[in-house]
Amino acid sequence: MESFSLILAIVVVTALAFDFTNGFHDTANAMATTISTGALKPKVAVAMSAVLNLVGAFLSVEVANTISKGLVDETGIRPEVIFAALVGAILWNLLTWLVGLPSSSSHALMGGLIGAAVASAGIGAVNGDVLVTKVLLPAIAAPIVAGVAAMLASRMTYSLGRKADGKAAAKGYRAGQIASAGLVSLAHGTNDAQKTMGIITLALIAGGSLAPDSDPPVWVILGAGLAIALGTYLGGWRIIRTMGKGLTDLQPQQGFAAQTSAATVILASSHLGFSLSTTHSVSGAVMGAGLGRKGGVVRWSTATRMFVAWGLTLPAAALVAALAEWVCRLGDWGTALVAVFLVASSFAIWRISRREIVDHTNVVDDDTVGAAEPAGVVTTAMAAVSPPPAGVTEDLAATVPAPATTPDPKAPSAATTV
Amino acid sequence: MSIDWAALGSVFGVSLVATVALVGLFTLGIVGLSRQERAAAEGGSAALAVTGAYACFAACTAAVGYGIYLIVA
């Protein structure tokens, strides 16, 4: 029983860590446009988003229940499988954060679950139809829907608002942006914090600590809400920079149009039964708003890198999760190895991120954006993060004695992500 | 494979109409307020423009309220 509860504890902690990276990764969705147009100061923006995420987490448990109550009986998931899935999702979130690319945390989580399920139950565990209808199609549809809406909206606000100027206009666009960004934050809290609640509840049920069909306990709701709020507050500044400045240059009118379009698409899609990813909607809206202004440009090289990251999200997270599940099955020491690997590589990614710091002080600086990103940034950065070679290991060896364990599972994952 | 084109289509339509309508209303509100600002600078007032502006903002606030209702419900 001892080891049983230990694995449960590990799963809960890992799920909260995923929740943290989720908030961290998705602050950009709500606040990138608000920050880059100067409607809110960076710190104020992330604080507001964090509070709204926390509030959102308490609003309902519906999403959490669909995860924890739908999956359990049909698959009989073991806590180790969930752990492996979370490892894949966390690593992909951190990696895309390092290179500053927005990508869907939900896709990462889904990819992780698919990979871990395949490793544990065979390829039959994946439903191809569901993959296309729930993952592939929405990923294509979201940016188009949000982009077209944002483009038309910003065209219109420019032509209608020709006569609007002065303080009243500036104040108005500022308020509008803040309101729509607030809606996105709130929706994010209810959706994404609850995904984690669902996962934790699922693990608790799978591990026998909770009766099947239970609602998430209060400590789970509180923990998930706090984790996502903390992640949001610390802010994934790299991604905010890409979204707010890297894809296009936004003026307040465009920021307002983009954020309104994103908020509308997110709410409409989740209530009309065709769920679209927040990240994909916001990215599409930002690009659409970029095209909606006369003389506005979209930096397609950055956009292309982002699309590539979207395409890789699911397979990459799945692969890492599958490897993690495979190692976990070797026994308790395997699980421990995966846990050590997760901590070590997260630390390594953090160390690499310190080489070029992006934070609230320089997130809206013009100098580094766009121009400073050479064509191969994804490849280079991923090569840098990927396995043992050269500099990385030295950095690690100086501080952690663990790197000896890393090469084994990491090498194959690197092969595919590059 | 059954793709729910109807749902996708309605998401597209609703999003498009709602976004454009909201942004349009809000812009009109802003236009009204800046007209009042200009009139005030010249010593006059533009009561109609201001009333219209507040009506627009009220409609937008209602939309945000509906959004919050959708999130909570």
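Quick reminder: no glycine exception, Cβ is built from N, Cα and C everywhere.
Where the annotation comes from TrEMBL, it is an automatic prediction and has not been curated.
Quantities reported herein were computed from a predicted structural model and do not represent experimental measurements.
TrEMBL lists region 'Disordered' for one of the ranges A:359-388, A:389-418, namely A:389-418. Away from its own ends, the transmembrane segment (A:6-24) comes close to residues 50, 53, 79-80, 82-83, 86-87, 89-90, 93-94, 97, 105, 109, 192-193, 195-196, 199-200, 203-204, 207, 209, 223-224, 227-236, 335, 339, 342 of its chain (Cβ-Cβ under 8 Å, at least six residues beyond either end).
Below 8 A, the CB atoms of the transmembrane segment (A:307-327) and the transmembrane segment (A:108-126) form 3+ pairs separated by six or more positions in the chain. Listed as Cβ neighbours of the transmembrane segment (A:44-61) (distance under 8 Å, sequence separation of 6 or more from its ends, same chain) are residues 23, 27, 30-31, 34-35, 178, 181-182, 185-191, 193-194, 197, 215-216, 221, 224-226, 228-230, 232-235, 360.
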